[in-house]
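Here's the structure we're looking at; comments come further down.
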Amino acid sequence: MTLKTTGLRKAFGGVVAIDGADVAFQPGKVNALIGPNGSGKTTFFNCVTGMIKPDEGSVHFGDRDLTGRAPHVIARAGVGRTFQLCRTFPRMTAIENVLSAVRPGGLLHGLRSAHRKTEIDRAHHWLTRLGIEHLAGAEARTMSWGQQKLLELAGVLMAEPKTILLDEPAGGVNPALLDRIGTLVRELNAEGRTFVIVEHNMDLVMSISDHIVVFDRGRPIAAGPPAEIRADERVLGAYLGV
Amino acid sequence: MPLAAGAVLIVAIAMFPSLAPNPYILSSGVIVLNWAVLATAWNFVGGFTGYISLGHGALAGLGGYATGLLITKADLPSFVALIVAAVLVAALAVPIGFAALRVRGASFVIVSIALVLILLLVFQSWSSVTGGSRGLVVPRPFPGMLRPEHHRVFFFLYGGLLLLALATWWLLDRSRFGMGLKAIREDEDKAESLGTPTFAYKLTVFVVSAAFTALAGGLYALWFGDLDPVFQFSVLTGSYIVLMALLGGVRNLYGPVLGAIVVGVALEYFKVEFGNTPLHLVTTGLLLGLVVMFMPDGVIPSLTALVKRLRKREDSSIREVTAADLAEQRKREREAANS
């Protein structure tokens, strides 16, 4: 399913953060969204995931119109996200953090135990996969920044999204963990998950992305495979201000 | 652990009336149990979602007045009126929650206070229906029953209601719904982004909380028999409830009950010893400050943490050892090796 925006626009007072963005991410690929600071990437993420409502334009996931829908509706439609400043539930244990992503279903389902074996197993699976299973019983607030980033991703994966939006996965992360995150993204992508990554670390972007969209002043100025983007003069101009 | 504590609570409730030396102590027991139900009902919202409501006193007042009015104006039998009143208040909690739960943090606290003040004005001014400041006399459900027996019956009714509220809280605590509510407490936007319909969850649990609060308020009306808007719609009621829940610990099933026992007993004591002085306000205010500063998680979690720390000292991998301790220890080890 393709995640697509048409004519997306969002202004905060006089500041136009997104200015008529037409973006189509490639399904089944690792997409990257890059651009200078203030080019509207995070606002774009927030509009797509329903955290803020766009002024104009539309967001579609497959043929489903998600424009202006509540974040939980968009999450349930299969679009998961992480946050720029990694967000976990600080006073819940790692396993509870992951279990929180379980869909409660209807009212009666909601009254079922939150600690059913099938779900616990699934939560353990994701913690193991991300290499933080030994921290299952630790409260998130006691974990390091890098561990919290992995925990956040584990929670998102637990919700079984088809498309995952990562907001600066490399932010504040050491080189070893950076490698691991890059490998993970490629592996999870190989299993059929689409990724959209906002990232400033160009090495990571160039090494893991199939498709790159470049934002400048609230709209895409270029899109294509890494090699093409690297050579694009408009991109260089946007970054270097020439 | 919750079951063992529950068993202790049940035994205590069952024994108290026969142990109470006089009807006054028994009536104080009814008041404390009323607080325990109110604080537990409050904890559905405060404990799970972290939304601090100072307006729950108003929901109890509504429950009381609705019960009283349904008996006096609609001629319903007392306990039918009580149930209908709780349903009505729960229904009214939907629009109230719809408006109030849109704002978070301090704004929610202020909206909840506004609810109390608005209802106080309404119930004082609309005297043709509510009796206004003259009050509303609620007929006793058991006419002819003697005072001590009356207290005893209501003590057990409150006990049953408390157990029901606790059982419901426990059920939610371990459910997926409860997990979603706790996620809201931790980080509402994050919970939403993981697929939790946060607004619907908050509203649902607010309605449940309002229903239990209204039942406690209604029971109070039947027991006490006289309602006055100044006391029914008082910001103090909500403040006491919050103090009790925080003191005991909002993340714990029995936290609010423990807090209600401590603060409820203290309030009765101050009433007896110091009459109408504002000393109880000073003391409870001071207590609230101390709890928030030194035991933000409440007594129960602080005590369990302390016990854990004391127990763990033996096998902890990180110890605080002075150089002298270390030398002493080495010496002992050497001696042990030599002998």
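Note that Cβ sites are derived from N, Cα and C of the backbone, with glycine treated the same way.
Just so you know, TrEMBL annotations never went through curation; they're auto-generated.
The transmembrane segment annotation in TrEMBL covers B:24-44, B:78-101, B:108-126, B:153-172, B:199-223, B:229-246, B:253-270, B:282-307.
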Would the transmembrane segment (B:78-101) count as touching the transmembrane segment (B:153-172), i.e. at least 3 C-beta pairs under 8 angstroms with sequence separation of 6+?
no
So, do the transmembrane segment (B:78-101) and the transmembrane segment (B:24-44) meet, by the test of 3 or more Cβ pairs under 8 Å (sequence gap 6 or more)?
no
Range from B:24-44, B:108-126, B:229-246, B:253-270, B:282-307 with most C-beta pairs under 8 A to the transmembrane segment (B:199-223):
B:24-44
Excluding the flanking five residues on each side, which residues at least 6 beyond the ends of the transmembrane segment (B:108-126) place their CB within less than 8 Å of a CB in that stretch?
51-58, 61-62, 65, 96, 99-101, 132-133, 229-230, 232-235, 237-238
Count, for each of B:229-246, B:253-270, B:282-307, the Cβ pairs lying under 8 Å from the transmembrane segment (B:24-44), and report the range with the highest count.
B:253-270
